[in-house]
C-alpha cells in the first residue's frame with residue numbers, strides 16, 4: 001500500500017451499543033521481532049498470528065532481502081528459514097520500510113552489527129523521523145554511516161563491521177527501539193553488550209532473544225529501581241523456534257475505549273497481551289472507573305495473555321504520571337478521546353516522545369480535540385483534557401498527518417460523540433490494524449466512507 005495514494009476520508013457516527021467478541025490483530029512489536037530473530041537464527045521459525053499490516057510486511061521483505069527464506073503458509077501463518085548471525089548477504093535493492101519506524105530502526109541494529117551494507121528508505125512520514133538516536137550507539141559499535149539525509153534521516157546507507165564492538169550504553173530517552181537496536185547489533189559482538197535505561201521500556205526484545213536461545217540478564221537500575229540494566233552475551237547461536245503472536249494491546253485500545261464510551265456497550269476482546277510494560281492504558285482506565293474484567297489468563301509466545309470483557313462506564317478524570325508513558329506511548333491519542341467523555345480534568349504528563357512519532361502526535365491530538373469542541377490545553381509536554389461527563393460535541397474533521405493511531409482514535413470518538421467525526425485519511429490504518437473497519441462494523445459501529 002502506498003502512502004502517496006489519494007486520501008480515503010472516513011466518518012464515524014453515533015449509533016447503537018457495541019456488542020460482540022473480537023480478536024485484534026497480532027502484536028506489532030512481536031511480529032517485527034519474530035521476522036528479525038527468524039532471520040538471525042539457524043533453522044526454521046514458524047509464526048502463528050503474525051500481524052499482516054504494511055509495517056510488518058516491510059520487515060518480512062527486508063529479512064528476505066538480507067538472505068532469509070520467508071514464506072507465507074496461510075493467514076497469519078509464516079515460515080522463516082534463518083541464515084544465522086554473521087550469515088547475512090548484501091541486499092540487491094534498497095530496503096524500503098514504508099511507514100515502519102520500528103522495523104527500520106530494529107533492522108538498522110541488525111545491519112549495523114553484521115558485515116553487510118544496506119540502504120534504508122521509507123515514505124514521506126518515515127523520511128521526516130529522526131534516526132540519529134539509533135545511529136549514535138551503532139557508530140560506537142563499529143557501524144559506518146556511508147550516506148544519510150540531513151539530520152540523520154533516511155534515506156541512509158549503513159555498513160556493519162566483521163564483528164561489532166561490545167559497549168555499555170545509557171539511552172538518552174525512554175525508547176525500546178534504541179535499546180533493541182543496540183542489543184541486536186550486540187548479537188555479533190564478542191563479549192557483553194549492556195544497555196542502561198532510566199525508565200523501563202517494553203521488553204519484547206529481551207524476552208524473545210531468550211526464547212531464541214540468547215543469554216540476556218535484566219536488573220533494576222537507578223533511583224527507586226525504575227530503570228533497567230540489560231546485558232546480552234554476544235555471538236550466541238540462535239535457534240529457530242515456534243512463535244504464537246498474542247493480540248496487540250495497542251490495537252485492542254480502540255475497540256476497548258469505544259466500548260467504554262458508547263452507552264450500553266458490552267464487548268469481549270480476546271487474547272490480548274498483558275505484558276506489564278504495555279498495559280499502562282488499562283491501568284489508567286481502571287483508575288478512571290472503567291469496567292474492564294480480565295478472564296482466561298494464559299501464556300502465549302512467552303507473554304501472559306487474557307480476554308478482556310469491557311462494558312460502558314462512567315469515567316472520571318485522573319492524573320497520568322510521566323513515568324507511565326513508556327507503557328502506553330501509543331495509546332495517548334485514544335486516552336485523550338476517553339478523557340473527552342470523562343467527568344473532570346485528565347492530565348497526561350511527560351509526552352515529549354509523542355512529538356517524534358508518525359506525526360507530532362501531541363499537536364495532532366490537540367488539533368483533533370479542538371476540531372471537535374473538546375476543552376483542552378497543552379502545557380509544555382503535558383496534555384490536559386477537561387471533560388464534563390457528557391458526550392464530546394464532535395462534528396469536526398481531523399487531520400491525521402498519515403498517522404494510523406490519530407485516525408483510529410478520532411473514529412472511536414465519532415461512535416459516541418453528539419455529532420459524527422470525520423478523519424481526512426484512513427488509508428494508513430492498514431499499517432497496524434488492517435481489519436479495523438469490518439471489526440468495528442461487526443460490533444455495530446457506524447464507520448464508513
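Including glycine, each Cβ sits where the backbone N, Cα and C put it.
Per Swiss-Prot, the feature active site, proton acceptor maps to 330; the stated evidence is sequence analysis. The Cβ neighbour count for residue 330 (active site, proton acceptor), using a 10 Å radius and every protein chain shown, is 24. When secondary structure is read from DSSP and collapsed to three states, residue 330 (active site, proton acceptor) falls in the coil class.
Around residue 177 (phosphoenolpyruvate binding site), taking its Cβ as the centre, 24 other Cβ atoms fall within 10 Å, counting all chains. Residue 177 (phosphoenolpyruvate binding site) falls within a helix when secondary structure is assigned with DSSP. The phosphoenolpyruvate binding site annotation in Swiss-Prot covers 28, 101, 129, 177, 361, 405.
Note: residue 175 (3-phosphoshikimate binding site) has non-local neighbours 133, 201, 353, i.e. same-chain residues 6+ apart with C-beta under 8 A of its own C-beta. Look at Swiss-Prot and you will find 28, 29, 33, 175, 177, 330, 357 tagged as 3-phosphoshikimate binding site.
Residues 49-56, 76, 98-99, 102, 123-125, 176, 202, 204, 208, 243, 245-252, 255, 258-259, 262-273, 301, 303, 312, 391, 394, 397, 402, 407, 410-428, 430, 432-435, 437, 439-440, 442-449 of the same chain lie 6+ residues outside the region 'Disordered' (1-30) yet bring a C-beta within less than 8 angstroms of a C-beta in it. Residues or ranges marked as region 'Disordered' in Swiss-Prot: 1-30.
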Secondary structure composition of the region 'Disordered' (1-30) [DSSP: H/G/I, E/B, coil]: 3 helix, 9 strand, 18 coil
Of the recorded positions listed as 29, 33, 330, the one whose CA lies nearest the CA of residue 129 (phosphoenolpyruvate binding site): 330
Sparsest Cβ surroundings (other CB atoms within 10 Å) among the binding-site residues 28, 33, 129, 361, 405: 129
Sparsest-packed of the listed binding-site residues (29, 101) - C-beta count within 10 angstroms: 101
Rounded Cα-Cα span from residue 330 (active site, proton acceptor) to residue 28 (phosphoenolpyruvate binding site), Å: 12
